[in-house]
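S.K.: I'd like to ask some things about the structure below.
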Amino acid sequence: MAVVGVLALQGSFNEHMAALRRLGVKGVEIRKPEQLRTVTSLIIPGGESTTMAKLAEYHNLFPALREFVKLGKPVWGTCAGLIFLANKAIGQKTGGQDLVGGLDCTVHRNFFGSQIQSFEAELSVPQLASQEGGPETFRGVFIRAPAILEAGPEVQVLADYPVSSDRLLSFDSSTGDKTENAEEENKVIVAVRQGNILGTAFHPELTADTRWHSYFVKMSTEAGEEASLSSLVPAQVSTSHYQLTRSDLPIFQ
């Protein structure tokens with residue numbers, strides 16, 4: 001059975017725990033590196049990404065988090081958690097912050113603006129609906145939300161959001177600054193998957209719709225089943241010490 005860890009340093013970890021309980025899934029709050037050994041997957045919740053990074057550094061969590069991702073264990077980052085998992089983040093506060101990395105994308109930290117510019121929107125989620133059922137849309141809650149400006153070839157886009165020209169002139173992905181004369185884009189990416197990593201710029205845990213949590217739990221279950229199968233494959237045994245000569249063979253008369 002999948003045991004899902006929820007990084008519980010700051011932010012909406014209680015809401016993620018509640019969503020897991022609604023699905024009948026065991027969730028464990030994670031605050032120390034050694035606790036990661038007790039879970040099969042991990043949710044990094046939304047919150048204040050700089051504060052979360054400082055707390056993670058204080059508790060020496062970054063090496064363990066990076067190893068967790070590299071081992072191929074499922075990890076889901078929502079909002080600030082998405083920033084954590086990105087290989088590159090722009091629009092950060094002075095001095096920047098440490099990242100866990102693993103997700104081949106460039107994230108703008110506060111793309112949609114400040115707290116008072118938070119919003120909700122219906123997102124088209126055909127892949128989610130195909131796997132989890134329900135409507136073809138999902139109500140995304142965006143709170144000081146990031147957005148993915150660039151994604152690598154192995155990153156699967158699960159949802160995007162149209163941006164009007166008065167909101168998005170263009171962003172220089174190397175600096176995060178707005179530029180007046182670049183080509184206009186009309187969408188930004190707000191949900192992705194790359195192998196064992198899931199990322200959403202919005203907060204599914206703040207809605208009654210548990211399909212994203214169910215989607216992630218299935219990722220966790222699949223990973224657990226693969227690990228179990230791997231453990232059943234017998235190790236290769238050297239036969240160099242067991243080769244029989246003709247004289248070793250029993251004689252039947």
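Sequential numbering from 1, following the chain as shown.
Including glycine, each Cβ sits where the backbone N, Cα and C put it.
Bear in mind that TrEMBL entries carry predicted annotations, made automatically and left uncurated.
TrEMBL feature annotations, pasted as is:
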- G47, E48, S49, R109, I143, R144: L-glutamine binding site (BINDING)
- C79: active site, nucleophile (ACT_SITE)
- H203: active site, charge relay system (ACT_SITE)
- E205: active site, charge relay system (ACT_SITE)
S.K.: Can you give me the residues near the recorded L-glutamine site, meaning same chain, not G47, E48, S49, R109, I143, R144 themselves, Cβ no more than 8 Å from the center of the site's Cβ atoms?
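M.R.: Once G47, E48, S49, R109, I143, R144 are set aside, the remaining close residues are G11, G46, T50, C79, A80, I83, N110, A145, P146.
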S.K.: If you count, for each of the recorded positions E48, E205, the other Cβ atoms lying within 10 Å of its Cβ, which residue has the minimum?
M.R.: E48
S.K.: Whole-number Å distance between the CA of E205 (active site, charge relay system) and the CA of E48 (L-glutamine binding site)?
M.R.: 16
S.K.: Given a separation of at least six residues and a C-beta threshold under 8 Å, show me what packs close to H203 (active site, charge relay system) in the same chain.
M.R.: S12, E15, G46, T78, C79, G140, V141, F142, I143
S.K.: If you skip the near sequence neighbours and keep only those at least six away, which residues in the chain come within under 8 angstroms of G47 (L-glutamine binding site), Cβ to Cβ?
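M.R.: Counting only residues 6 or more apart in sequence, the Cβ neighbours of G47 (L-glutamine binding site) under 8 Å are L9, Q10, G11, S12, C79, A80.
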S.K.: Taking the recorded positions one at a time (C79, I143), which has its Cβ surrounded by the most other Cβ atoms within 10 Å?
M.R.: C79
